[in-house]
Amino acid sequence: SCDASQLCNCSFMGLDFIPPGVMAKITVLNLTHNRIKRIQSQDLQQAVNLRALLLQSNEISSIDEDSFWSLEKLELLDLSNNSLAHLSPVWFGQLFSLQHLHLQGNSYRDLGQSSPFSSLKNLSSLHLGNPQFSVIRQGNFEGIELLHKLWIDGSNLSQYEQGSLKSIKQINHMILNLRNSNIFSEIVRDLLHSVTWLEVTEIKLPVERKSLVQNSTRPFTIQKFTFKEAFFTDQTISRAIVSLKEITSLKELEAINCVLEGKGVWNTKEIARSGQSFVETVTVVKIMIQNFHLFFDLEGMESQINKLKRLTIASSNVFMVPCKLARHFSSLLYLDFHDNLLVNKRLDETICERSWPSLQTLNLSQNSLKSLEQTAKYISRLPKLNNLDISQNNFGEIPDACDWPKFLKYLNLSSTQIPKVTTCIPRTLEVLDVSGNNLKEFGLQLPLLKELYLTRNQLKTLPGAAPIPNLVSLSVRRNKLNSFSKEEFESFRRMKLLDASDNNFICSCEFLSFIHHEAGISQVLAGWPDKYVCDSPLAVRGAQVGAVHLSLMECHRSLVVSLICVLVFLVILLLVAVGYKYHMVWYLRMTWAWLQAKRKPKRAPPKDVCYDAFVSYSENDSDWVENTMVRELEQACPPFRLCLHKRDFVPGKWIVDNIIDSIEKSRKTLFVLSEHFVQSEWCKYELDFSHFRLFDENNDAAILVLLEPIQSKAIPKRFCKLRKIMNTKTYLEWPAGEQQQQVFWENLKGALKS
């Protein structure tokens with residue numbers, strides 16, 4: 001049950017005794033809510049480093065005298081809500097470091113004849129008492145000189161020996177639960193010179209004439225007096241006011257959850273005769289006044305309020321303050337009427353001309369104000385007001401122009417149902433809160449504004465920085481903000497705090513790049529990083545914005561697609577260029593032609609053969625072909641029919657189709673080879689087709705004529721069979737002499753006839 005810091009939690013385990021073997025290294029031992037009845041000597045003997053021992057809510061009725069003697073480092077001991085019928089000073093004799101001791105909720109009726117706490121020199125807070133606690137004797141608190149907090153449950157305290165609490169020299173805060181009003185004055189007299197803040201609960205004040213400061217010398221120390229759940233009547237409250245004024249050190253008075261039975265018929269004459277009050281701050285919260293609508297206007301109390309500086313009356317059904325009374329709050333700086341029943345008609349009376357002349361801060365939130373224009377008009381009567389809270393009033397509408405106090409700096413219009421912001425809002429503001437109004441935009445010109453609160457609205461972007469150049473703090477929490485850019489962020493040059501938490505952020509690449517690379521943004525963003533969560537993309541929904549890193553493809557999809565398109569285009573362009581250079585189109589065409597040729601008979605039907613030979617030659621060799629070879633062959637007996645591209649190709653037909661058709665309609669293909677032939681593109685195409693069509697059939701349809709000597713290496717490498725034929729078979733070579741030329745023609749004619 002122990003963690004790394006040696007805190008051992010054994011609560012709610014149904015233990016009947018302290019577990020044996022508690023070790024020296026334990027610093028905190030929690031044994032609350034068990035069934036332990038007794039603490040024995042050996043139980044805690046080894047726990048020499050224990051600093052906190054929590055034993056509340058058990059059934060402890062017996063403690064051995066030396067049970068705590070080894071706990072010299074113990075700082076907190078909680079024995080509350082057990083069954084201790086008495087307290088022994090021996091228990092605490094060795095607890096020299098003890099600072100906090102809780103003993104309330106047991107069954108002891110008194111603290112004994114002497115002080116159980118005489119050895120606790122470092123004690124800071126002490127809680128004691130229970131419903132059976134009935135007696136406080138002199139000497140019960142001997143040895144205690146200074147307490148930060150003293151809490152006594154004396155709900156049934158019936159006997160208090162005068163001077164019992166005087167032994168404590170200083171108590172910062174004392175809480176006394178007391179129902180017996182007869183001993184109230186005696187206790188207060190003993191605390192006049194030691195307590196700073198006295199809080200009394202459940203008291204029902206008596207109507208007594210005894211002075212609270214009887215036989216006491218000044219100066220007193222009580223500065224704050226709080227009544228909680230107390231009961232007052234018109235008579236007792238009048239007497240209490242008179243009595244408390246005798247405590248000249250008293251500066252602050254509080255009444256919380258109290259009941260006032262009466263109609264405000266106070267003894268104002270006696271109150272006035274008792275002199276001026278020294279109280280500067282009065283706070284009344286949730287006071288219950290039956291038939292509050294019949295309550296009088298406290299006429300006659302004017303003289304008691306002109307020195308008051310701070311007044312709070314909250315959750316108490318206040319619906320009006322008479323104008324006459326309001327004009328006497330001449331020194332009041334702070335007025336809080338939140339959660340009451342003020343309406344616009346009554347506000348005209350409450351804030352009349354020359355009322356509240358020094359008021360600087362006014363809180364009218366959670367009332368029943370309906371008209372913002374009227375509210376502003378009445379409040380403009382307060383010349384020194386600079387801080388105004390009128391939030392949680394249902395205004396519903398906002399005019400274009402309003403009258404406000406000239407020096408108003410802070411304005412809270414949150415949760416007022418205003419649909420937009422207009423120039424009704426004063427330009428003098430330094431702080432503006434318009435949270436919770438479903439605003440869709442904010443574009444007011446407020447040159448002095450330093451803080452702007454736009455929480456719980458419908459904003460989709462940050463407000464523009466130009467109209468609010470001096471903004472230091474901005475809250476757009478819980479809006480419809482998807483992101484914000486570097487430009488938007490940096491436009492607020494004086495921004496020190498931005499709360500954009502609890503929005504549904506779209507974690508785009510631009511937004512994430514800005515968040516990750518903007519220096520110091522984590523110091524500016526409130527709630528970072530826990531409150532900044534991605535809503536989309538779906539893959540990162542729920543992840544913290546600062547922890548999300550998207551891939552290159554996710555971040556630059558359009559760029560990647562563009563690059564792919566460019567690469568594909570370049571590849572296509574490259575293929576086209578390569579195809580053009582290496583005649584890929586021609587190869588494809590020839591392949592198709594070859595595939596078709598494979599399905600045809602190896603030799604065309606005789607009726608389809610029109611020529612004896614198709615002549616393939618270079619244009620540079622046309623003179624020899626057309627003037628020499630054609631005359632010799634076509635004028636022979638019998639004559640040969642030759643197909644020449646210049647003469648016999650069909651006009652308008654694709655040249656490739658002309659070549660294919662001419663070769664297929666010729667019995668032989670006659671190639672006139674020369675250096676010009678090798679360089680001619682169309683000659684190469686004609687060779688290509690012959691290579692596919694004729695050589696594939698393994699026949700002798702091709703006749704090679706060398707017009708001039710040519711190396712086989714000059715023939716393109718792709719014509720491997722042609723190169724092989726030139727290396728393995730004879731070919732006709734045009735001779736230079738006339739006698740040899742006659743032999744050449746005879747051989748050529750023989751080849752054409754074969």
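Backbone N, Cα and C atoms are what each Cβ position is placed from, and that goes for glycine too.
What you are looking at is a predicted structure, and each value in this text was computed from that prediction instead of being measured.
Per TrEMBL, the features are:
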- Cys2-Cys8: disulfide bond (DISULFID)
- Cys323-Cys352: disulfide bond (DISULFID)
- Cys402-Cys424: disulfide bond (DISULFID)
- 559-580: transmembrane segment (TRANSMEM)
- 609-752: domain 'TIR' (DOMAIN)
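All features noted in TrEMBL, drawn onto the structure.
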{"residue": "Cys2", "record": "disulfide bond", "contacts (Cβ under 8 Å, 6+ apart)": "Cys8, Asn9, Ile26"}
{"residue": "Cys323", "record": "disulfide bond", "contacts (Cβ under 8 Å, 6+ apart)": "Glu349, Thr350, Cys352, Ser355"}
{"residue": "Cys402", "record": "disulfide bond", "contacts (Cβ under 8 Å, 6+ apart)": "Leu372, Glu373, Ala376, Lys377, Cys424, Ile425, Pro426"}
*asked:* Using a 10 Å radius around its CB, how many other CB atoms surround Cys424 (disulfide bond)?
replied: 19
*Stretch-averaged pLDDT - the domain 'TIR' (609-752)*: 78
